[in-house]
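Data first, discussion second: the structure below is written as structure tokens.
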Amino acid sequence: PAPPVYNKVNPADTPVLTLAITSKTMLLPKLNDLVDTRMAQKISQISGVGMVSIAGGQRQAVRIKVNPEALAANSLNLSDVRTLIGASNVNQPKGNFDGPTRVSMLDANDQLKSPEEYANLILAYKDGAPLRLKDVAEIVDGAENERLAAWANRSQAVLLNIQRQPGANVIEVVDRIKALLPSITENLPAGLDVVVLTDRTQTIRASVTDVQHELLIAIILVVLVTFLFLRRFSATIIPSIAVPLSLVGTFGVMYLAGFSVNNLTLMAMTIATGFVVDDAIVMLENISRHIEEGETPLQAALKGAKQIGFTLISLTLSLIAVLIPLLFMADVVGRLFREFAITLAVAILISLVVSLTLTPMMCARLLKREPKEEEQSRFYRASGAWIDWLIDIYAGGLRWVLRHQPLTLLAALATLALTVLLYIVVPKGFFPVQDTGVIQGISEAPQSVSFAAMSQRQQALADIILKDPAVVSLSSYIGVDGDNATLNSGRLLINLKPHSERDLTASEVIQRLQPEVDKLSDIRLFMQPVQDLTIEDRVSRTQYQFSMSSPDAELLTLWSERLVEALGKRSELTDVASDLQDKGLQVYLNIDRDAASRVGVTVANITDALYDAFGQRQISTIYTQASQYRVVLQAASGSELGPAALEQIHVKTTDGAQVKLSSLARVEQRQAQLAIAHLGQFPAVMMSFNLAPGVALGKAVQVIEQVEQDIGMPIGVQTQFQGAAEAFQASLSSTLLLILAAVVTMYIVLGVLYESYIHPITILSTLPSAAVGALLALLISGNDLGMIAIIGIILLIGIVKKNAIMMIDFALDAERNRGVAPETAIYEAALLRFRPILMTTLAALFGAIPLMLASGSGAELRQPLGLVMVGGLLVSQVLTLFTTPVIYLYFDRLGRRWSRRPADPDRLERADA
């Protein structure tokens, strides 16, 4: 009934704020008009607001409900009414009178603006008496489209859905709207209730607050670890100062780069907390060692900084190197993690500058010689004894390992094989399902359902959902609009209580609700949690989609039904459905063209009569200063009588006589398509599915591909995953390349720093142990290997090689400058660097623990990162302390054999290096 409207929107972008406007005294069309002309217009002018849409609103209109039989009795039909309205309600310029001294505009009462004015229009004169429109029709102040409805909980309402502009800060936008609301509502008539039904920023604020708390906890844990090893407050302050300086500096760069404080950047900050103290700890520990050997703090600071400076640069640059591939990731995933990678890299780079400049200066000023034994506190002596005990245990284990090098090398190779095995076994996913406190529901009834029946069933769904103890409110609407393509579908947005007030996650609430709503007959409800991170290109019934397309529509219909049936039998999938809508009821008029032609009735006359009677035809427009309203024509009892109403419709012959439409056409009942979808200009069917509890997306993708083969899908039907499932498939192929790119980048950086081909391989040999720990942590905790976990593994690549770098740097220095044998050099280096290795690893470990133990809003996004970091650091810490010295010696022997081959002197020097 309405002309087409074109909007450029993100179909997967859910409203940031939903307002429900209700009134017990005002009719819904008038309420809708008030919301549209006053509230929506004001809110749409707020900075950052994108689209403001009204759901379930019935736009005000004048409806003319004509009695076709009364018209026919007066030798008139619906086309006469349409012609009369079009000629009686006119809005066009009329000119002006431009005199010698003044000008006058010309106007007339050519517009009709109220139902009463339309009711008094004269259709014809019968026996000298006027036949007015009100004599053959009911003229009411009604709705433009009566087949739209919305509810807030159980009350009929007008819903105002507000979306932000792309790139706008969601919290700032919502704050501006809420600040303006009081001034808007105070100018509204009494008896109107405006309620914030859904506020997406509540969970976003809670999530950001939780991450801030985790960041604070991480800082405290890292400082405590530092104090445990350094045992003095003055020494603890020195590396601890790197944390606020690095984070504040990072915030400054974020501001200049236009980044916002969000979940991803705060996650980067939390992880960085464990990294930024590493360089300062290594610097401090080396200077402290020189002080313990009897040098003055100033001499120790100068000597220690010079000795360890190159090592710190190697550590930092190699860690930043692994982040470089993240910056070049394509598609949506790359854009998501670009801020994460840059934020983390900046924090690490600032910490390097602090450790090379401020840390030595503070060491020279604040560090003192080690106190005499009688001056030492009980804690100082106990912690020192504990550290010495750990070093003794490690020394004994290291001696055993160096005596059994082949066995240790075999264990390192087994670790590499175990990494490959675990990668194959661990479930693959994409992004974890978040609990944002909001559930989106799409209802679907039989394709022949009427608006009245759909309304009853939609309200029955709402009644069941509102009884759930975890639900606080919901909004619901039905009718064909920008979201619903057909009359048999509806939308619900279910708002849950805050995390602290409920025991179940959003997914668990869905599992509890589903059996209850399934008890309703003739309607089905598909539910999924609303996500903060989503890359869908359409709003679907479920989280994942799979498309089928073919030039042959009949072939497509046949095989889509077979695929839905086959997938519905698989236990790994739930809520399997398709958007194929080809079973709608159709009343088909088979026009007898010969009979119509004999009486001078054209096919156009017949279709006009049908449209006038049953199409809610908009035949005129009323213009006001604030808006414009339609005049809608219809047969009075057309909707209620159904096909029997066709008996009342008459068409005019060429001689002016009225003939019944039923005498010119035969009525048939058929099935019809309610909607036709296209993909790439071909007819398409979109399949949708959810995952059964405990099933990973990777497994579901395998199941669908297998079922597709089992049923023998013909080559004429093209299939493809869409949205998150499609991005997941792409990520599977790019994940190994991404990890390989990080490894290669780090190898190149290390090769340049060490001027060697061999020693970077020794350093990189630590990576399999970290991967084993990360994958085991995911497997034990029941988490998927998704994009967040992949980012964690890439970070581990940069972290765990620190142990090897610190050992190898000191071993090479001992070999070159003191002429020590390789076995002795690596043994001394391992023991000498054991304390800083333990300190830096524990600092990174405790920086990740708050993420691993995260709870509350958005915790699902942070936990995999923390799990991977903690698992990888624990396993790699234990293994690399023993495997790295053995691998170093193996590659050292390999390098010496290579260097003894005939070559020029320059090549020999490079090999020795």
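Cβ coordinates come from backbone N, Cα and C, glycine included.
Values in this document were obtained by computation on a predicted structure and should not be read as measured data.
Annotation comment: TrEMBL describes 211-230 (among others) as transmembrane segment.
Marked as transmembrane segment by TrEMBL: 237-258 (among others). Here the transmembrane segment (237-258) has Cβ contacts under 8 Å with residues 219, 222-223, 226, 230, 265, 269, 272-273, 276-277, 279-281, 284, 342-343, 346-348, 350-351, 354-355, 358-359, 362-363, 366-367 of the same chain, all six or more residues outside its ends.
With a threshold of 8 Å between CB atoms, the same-chain residues lying at least 6 positions outside the transmembrane segment (308-328) that come near it are 275, 278-279, 282-283, 286, 334, 337-338, 340-342, 344-345, 348-349, 351-352, 355-356, 738, 741-742, 745-746, 748-750, 753-754, 763, 791, 794-795, 797-799, 801-802, 805-806, 809. Summarising the annotation, TrEMBL assigns transmembrane segment to 308-328 (among others).
For 340-367 (among others), the entry in TrEMBL reads transmembrane segment.
Per TrEMBL, transmembrane segment is recorded for 407-426 (among others).
Per TrEMBL, the feature transmembrane segment maps to 736-754 (among others).
Annotation comment: TrEMBL describes 837-859 (among others) as transmembrane segment.
Sequence-distant contacts of the transmembrane segment (865-891) (same chain, at least 6 residues past either end, Cβ-Cβ under 8 Å): 267, 271, 394, 397-398, 401-402, 405, 408-409, 411-412, 415, 758-759, 761-762, 765-766, 769-778, 781, 783, 788-789, 791-793, 795-796, 799-800, 803-804, 807-808, 811, 822-823, 826-827, 830, 834, 837-838, 841, 844-845, 847-854. Look at TrEMBL and you will find 865-891 (among others) tagged as transmembrane segment.
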In the same chain, which residue numbers or ranges, 6 or more beyond the ends of the transmembrane segment (736-754), come under 8 angstroms Cβ to Cβ?
310, 313-314, 317-318, 321-322, 324-326, 329, 760-761, 763-764, 767, 790, 793-794, 797-798, 801, 805, 812, 913
Spatial neighbours of the transmembrane segment (340-367) far in sequence, C-beta under 8 Å, 6+ residues away:
234-235, 237-239, 241-242, 245-247, 249-250, 253-254, 257, 259, 264-265, 267-269, 271-272, 275-280, 282-284, 287-288, 291, 297-298, 300-302, 304-305, 309, 312-313, 316, 319-320, 323, 326-327, 791, 795
